[in-house]
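Below: the structure, in structure tokens.
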């Protein structure tokens, strides 16, 4: 059976994306938590539950949520970046918590704390990943480029601090990390302010 359709009209359907921009959530989750951790690295206070809680919640969950939202928008870079660094924070919290779990000690399956070589390897791989991600940022705004190159430097400084055992290098890394976190906070808040006002008030 054959049907003939005549005078068919073509209509253009425009679908508008009304979902929010997830990048500020991810950038602020990363930035604030990074500043707090690196205040510790700079020697201002010892590692404590505040850093672990922030690493799990705002550093981890917020960035993973941002990653899922970026996925729904079809943004591969945002998906990989926020997802990876969100899971980085979770892995760092686990590295600090697992050796101190009492029930593992009583069951005879306690894991030893990561030694300096293991931690240096861990930090170096994250530095390498960040450096390669920086290449992708060369097509993005300058603020994102600053965040990624400074984060790569931070990871490599922390790697050097672990290998050498130098408190000075770790302290320098801490101050550099504070700058990295502040850069992420600035870009995140700038995007919120610019979008709210409907024009570019703060450059990114």
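For all residues, glycine too, the Cβ spot is worked out from N, Cα and C.
Now, the feature entries from Swiss-Prot:
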TRANSMEM  19-39  transmembrane segment
TRANSMEM  42-62  transmembrane segment
TRANSMEM  78-98  transmembrane segment
TRANSMEM  116-136  transmembrane segment
TRANSMEM  143-163  transmembrane segment
TRANSMEM  167-187  transmembrane segment
For the transmembrane segment (167-187), give me same-chain residues lying six or more residues beyond its boundaries with a C-beta closer than 8 angstroms to one of its C-beta atoms, as numbers and ranges. 27-28, 30-44, 141, 143-144, 146-147, 150-151, 153-154, 157-158, 160-161, 202, 204
Beyond the flanks of the transmembrane segment (19-39) by 6 or more, those residues with Cβ under 8 Å of it: 45, 50-51, 54-55, 58-63, 65-67, 69-70, 72-73, 78, 81-82, 85-86, 89, 147, 154, 173-178, 180-189, 191-192, 195
State the non-local partners of the transmembrane segment (116-136) in its own chain: residues 6+ outside its ends, Cβ under 8 Å from one of its Cβ atoms. 77, 80-81, 84, 88, 95, 145, 148-149, 151-152, 154-156, 158-159, 162-163, 165
